[in-house]
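Database features (Swiss-Prot):
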type	residues	note
BINDING	CYS15, CYS19, CYS32, CYS37	Cd(2+) 1 binding site
BINDING	CYS19, CYS24, CYS39, CYS42	Cd(2+) 2 binding site
BINDING	CYS26, CYS30, CYS32, CYS42	Cd(2+) 3 binding site
BINDING	CYS46, CYS58, CYS64, CYS72	Cd(2+) 4 binding site
BINDING	CYS48, CYS52, CYS54, CYS58	Cd(2+) 5 binding site
BINDING	CYS54, CYS66, CYS70, CYS72	Cd(2+) 6 binding site
Amino acid sequence: MPAPCNCIETNVCICDTGCSGEGCRCGDACKCSGADCKCSGCKVVCKCSGRCECGKGCTGPSTCKCAPGCSCK
């Protein structure tokens, strides 16, 4: 039986601090919002309010750059 945090084998993306240790492997399809995803290989999704585009190099709320007048979530 695969480790519960091994997203590649379980096809379940776990985006919380509970998956920070051994056996945690997320594939490219694993997308999490916020900076709480401790799983290696997990892609963090940057969301801006309204119809704003997110800047490049976003790894979480602290590095999310949105268009002027837009808030980052």
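Just so it is clear, glycine is given a Cβ too, placed from its N, Cα and C backbone atoms.
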Which of CYS26, CYS30, CYS32 (the binding-site residues) has the most other Cβ atoms within 10 Å?
CYS26
List the Cα distance (Å, whole number) between CYS32 (Cd(2+) 1 binding site) and CYS26 (Cd(2+) 3 binding site).
11
